[in-house]
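Per TrEMBL, the features are as follows:
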TRANSMEM  6-27  transmembrane segment
TRANSMEM  48-72  transmembrane segment
TRANSMEM  78-102  transmembrane segment
TRANSMEM  123-143  transmembrane segment
TRANSMEM  163-179  transmembrane segment
TRANSMEM  191-208  transmembrane segment
TRANSMEM  244-267  transmembrane segment
TRANSMEM  279-301  transmembrane segment
TRANSMEM  321-341  transmembrane segment
TRANSMEM  370-388  transmembrane segment
TRANSMEM  400-418  transmembrane segment
TRANSMEM  425-445  transmembrane segment
Amino acid sequence: MVSTANLIILGITAVYLLVVLGVGQLASRVTSTSREDFLMADRSFNTVVLLAALFATNMTAVVMIGAPGLAYRAGAGAYGFFVALFAFLFPVFVMTLGYRIWLVGKEFGHITPGQILNHRWDADYLGILLLVLFTIWTVPYILVGVQGAGITLEAITDGLIPYWLGALVTLAVVAVYVYQGGMRGTGWTNTFQGAVFILFLLAIFVWIPTRLGGFQAATQAVAQINDGVFLNRAGIPPFGPKVWFSQALVVSFGAFVYPHLFIRYMTAKSITTLKNISVLYPVAVVLVWTPAVLLGFWGIAQFPELANTDFVLPTMVAELLPVWAIGFALAGILAALMSSIDGQVLTLSTMFSEDVVREFFDRSEEEEVWYSRVFLVVIFAAAYVGALLTRESIVDTATFAFSGFALMFFPIIVAFYWRRSTKETAYAGLLWGFAGIWAFELGLLPPALTFGYLPFVPVLASQLALMGVVTYATSVPEGAPVEKYERLFEDVW
């Protein structure tokens, strides 16, 4: 028999999901079938919507589930492990590389990274390669969100909503509003859902410690069972400096070139919008990472024997808050997860329609949008099947995907900063980055070659060397619009 508590929780969650669908429906009513409108919202995002679109789509289960889980597993030092360098570098990247991306999109009408690289180097297949690589690395990242939804619903309802059903319902809701509203649908729902999950996180950051006797009491309780240590778990070796350094680079480089962020840089209404983002984004990062990490850290004392560390935040919510608050908490967690999944899936479908359908087939704009929607459905189905087949730690899943994205950073940015670079430079960097990280993952390269760093570091070093050699061994084709890009970037950082 279903308990009253579960009925209340599910009722609040159902209302929330219906509101999200309503916001998506409103967006769909003002979205046309033109590619610019469906895929880019006519490049009209203001500061509020773009901040939400970038921030909410980036703050996935890694924040709501993974960060508390990592803090529970490794101590409060988890805070710096992920965002210490990222919070400083991301706004710099936005105002330098992000500005150039926006200029190129506005000047030439490009929508995807592949279109930019193909145009810059007069290439034919870089768009296809980017689509393949971005898909390989984004699908695991989508799985993070799907896993988080399934884990949360299962934990908070005491198994009434099993993992498979929680993941399915979440994906179904996201699929509906993305299919109908495109980029505008994700932007508007991201704004709503971003506000929901930030307010939720800040609320429980204040509420849960009061149930534990206050901030000081909650912290001291951890110290008592953790041998007075705060930054790491007693009896567990802390992360070494080389691992910290590696992770800082992985997150900083990888997060900037996420395809779902890359495309959204070009949706900014003006350069002023990007300037505002560079100021506000790091503030937003600190605003959510601080409570997420501390909540997981406090969970060490309250639930010291959790079998799955990713369950720490849902468990604290379920055990320490009244039933009605649990319903709102579940809505807040789902807000973070859904606002990430939508942008990632839409981006992959956009790249498919632009870099495959538009590039190689003669189709109308309406047909391109139709193909984009079909690919949306395919990706959602693949993500669901993948989430059923794997239950890896959310942080472990995300870290491997981050490494893949980070190794695409330099092969992409040389198009904006290195006049001498060629399409062969990009091909070599992209292919070796992919092959190298998988060689370590599959054991084809010995761990000794990492020299104590994450595999990303030696692969990155060899990638940069290879790109330099290939660049000077090849020549820029005469038809490449190098001069157009150089003129566009005059007086730009």
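Using the three backbone atoms N, Cα and C, a Cβ is placed for every residue, glycine included.
Touching of the transmembrane segment (123-143) and the transmembrane segment (370-388) is concluded from the presence of at least three CB pairs under 8 A, sequence neighbours closer than 6 excluded. Tertiary proximity for the transmembrane segment (425-445) is limited to same-chain residues at least six positions away from its ends with a CB under 8 Å from its CB atoms, namely 117, 121, 123, 126, 129-130, 133, 136, 400, 403-404, 407-408, 410-412, 414-415, 418, 455-456, 458-460, 462-464, 466-467, 470-471, 474. Through the fold, the transmembrane segment (48-72) approaches residues 78-79, 81-82, 141, 144-145, 147-149, 151-152, 186-188, 190-191, 193-195, 197, 201, 255, 258, 260-261, 264, 267-269, 273, 276-277, 280-281, 284-285, 288-289, 292-297, 299-300, 306, 309-314, 332-333, 335-337, 339-344, 393-395, 398 of its own chain, all at least 6 residues removed from its boundaries and within a Cβ separation under 8 Å.
Proximity of the transmembrane segment (321-341) to the transmembrane segment (163-179) is established through 3 or more Cβ-Cβ distances under 8 Å for residue pairs spaced 6 or more apart. It is 6-27 that, among the stretches 6-27, 78-102, 244-267, 400-418, forms the most Cβ pairs under 8 Å with the transmembrane segment (163-179). Long-range contacts of the transmembrane segment (400-418) within the same chain: residues 97, 100-101, 104, 113, 116-117, 120-121, 130, 133-134, 136-138, 140-141, 144, 249-258, 425-426, 428-430, 433-434, 436-437, 441, 454-456, 459-460, 463-464, 467, 471, 485, 489, each at least 6 residues beyond the stretch ends and with a Cβ under 8 Å from a Cβ of the stretch. Three or more CB pairs closer than 8 A are found between the transmembrane segment (78-102) and the transmembrane segment (244-267), so contact between the two stretches is assigned (pairs 6 or more residues apart).
Panel annotation: around the transmembrane segment (244-267), residues 40-41, 43-45, 50, 53-54, 57-58, 80-86, 89-90, 93-94, 97-98, 101-102, 104-106, 110-113, 130, 134, 138, 141, 183, 187, 274, 343-344, 346-348, 350-351, 399, 401-406, 408-410, 412-413, 453-454, 456-457, 460 of the same chain, lying at least six beyond its termini, place a Cβ under 8 Å from a Cβ of the stretch.
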